[in-house]
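Participant: What follows is a single structure, and I will ask about it in a moment.
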Ligand SMILES: Nc1ncnc2c1ncn2[C@@H]1O[C@H](COP(=O)(O)OP(=O)(O)OP(=O)(O)O)[C@@H](O)[C@H]1O
Ligand SMILES: [Mg+2]
């Protein structure tokens, strides 16, 4: 238990110490909120869909969570490059627990990042329906964060260096984000797009955020919870499988 | 005597390249054992296979009776290691690096804090315990790695070129500490070095590996006798030849070897 805690603590400390990373990773969501929120706000309203900032905010929270989560998962490559991975890999601790400690730490960081984006969105004009869903919202945010940190860890276990990082950003993270319904409503989509969005786990996360913040969803909270937790367990299992196989 | 490390026909291939080639040796419990060889001989690769980081291509290893491939968790409880390459977390402080290690190795709170204090003072880093490791010089980082390696007292301690880049003060200190540990707790010490006088002075038994094969082993006296030389360095050169190994040799290694060749 204590070992998992110290691995968790390490992630948190590293996060709090990288001020430039925090600022940098908040600039992007803010840009999206301002440019898209206000740029498309008029069109969205005319189409009878209500406030675009309100619609967009849950999507941007999802965006900051997926980016941070995958990134902290992928940090294993850094650990490998700077040598610290060796220190962890020879420790008398099960690989599963190493993976759990790291993943919990990364997921906590991503959740905090999501909450900061929520706070920022209030400053630029986001108005939630009610605040009663907040505890549940944090829970869902953590679940989404866990899912993508595990995915990041899994990918990082398969890569040897930073070469593949750009590839992952372009061919995995970006599509996951753009096809998640973060930016557009999931109703009345062309058939192909509707199928793809259904396959994207982030869709269910953002759907849950919308239900809890602006009472507008597509799949329903129960379905979201079911899909998210199943996929999370799957990724955690796969992640620890690949993590175990790492050789240095 | 009980053999705490047993290696039989150990082989490691990277694609087609054979880094460790059918190596067999054993280390007795409580022994101080030096594993010597030119750059790229296969020392670090062998250590990685002994310490569960790499799977052998062929051959068997037992550490304190356990197999690193099939019982990695049991094996990991028996040893501590100081790596050749950096393995600190730069974003943590010196104290946090020590604390992290101590917790991962189940050193109880009070004992852990006592030892951290003692060891950080010992390597002269106690005043800098709250500094981030990335602000440290190369030698300071090395000293911290040594201190960390000594924090939990394992049955076997592996040291892969521990004294590389260390000043003589710290070097002497470190060996004194290890000899104490060896005497008082019966710790087995397995180390590599390129300083022959160090191996001569410290090791009870020596194995020399070259191109992935063990070419000689025995006490320092036996090796000198076998090659009819008067120092371990001469014995080493007689056994491994004078050519410089291009593999993985750093510029300082080159300089060192050049100087050696020049002098003769
Ligand atoms: N991951 C790897 N992939 C391919 N080749 C490798 C790998 N690791 C080591 N080698 C090769 O195996 C050989 C042995 O390397 P090793 O690190 O064991 O040498 P060493 O005896 O520790 O040398 P040094 O004194 O320079 O530390 C070298 O030729 C090296 O290039
Ligand atoms: Mg080496």
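In case you wondered, yes, glycine gets a Cβ from its N, Cα and C as well.
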Participant: Per TrEMBL, which of A:52-78, A:187-213 is transmembrane segment?
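Facilitator: When A:52-78, A:187-213 are checked in TrEMBL, transmembrane segment belongs to A:52-78.
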Participant: Pairs of Cβ atoms less than 8 Å apart decide it: which stretch in A:21-40, A:52-78, A:99-124, A:167-186 has the most with the transmembrane segment (A:136-160)?
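Facilitator: Answer, by Cβ pair count: A:52-78.
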Participant: May I ask for the residues of the chain that lie six or more residues beyond the transmembrane segment (A:52-78) and have a Cβ under 8 Å from a Cβ within it?
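Facilitator: For the transmembrane segment (A:52-78), the list is 11, 15, 25-26, 28-29, 32-33, 36-38, 40-41, 43-45, 85, 102-103, 105-107, 109-111, 113-114, 116-118, 121, 124-128, 141, 144-157, 159-162, 165, 168, 172-173, 176-177, 180-183, 185, 202, 205-206, 209-210, 213-214, 216.
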Participant: Can you tell me which parts of the same chain pack against the transmembrane segment (A:21-40), counting only residues 6+ beyond its ends and a CB-CB cutoff under 8 A?
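Facilitator: For the transmembrane segment (A:21-40), the nonlocal Cβ contacts are 15, 52-53, 56-57, 60-61, 63-64, 67-68, 113, 116-117, 120-121, 124-126, 183.
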Participant: Hey, which bits of the same chain come close to the transmembrane segment (A:225-243), Cβ under 8 Å, at least six residues off its ends?
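Facilitator: Tertiary neighbours of the transmembrane segment (A:225-243) are 95-96, 98-100, 103, 140, 143-144, 146-147, 150-151, 153-154, 157-158, 201, 204-205, 208, 219.
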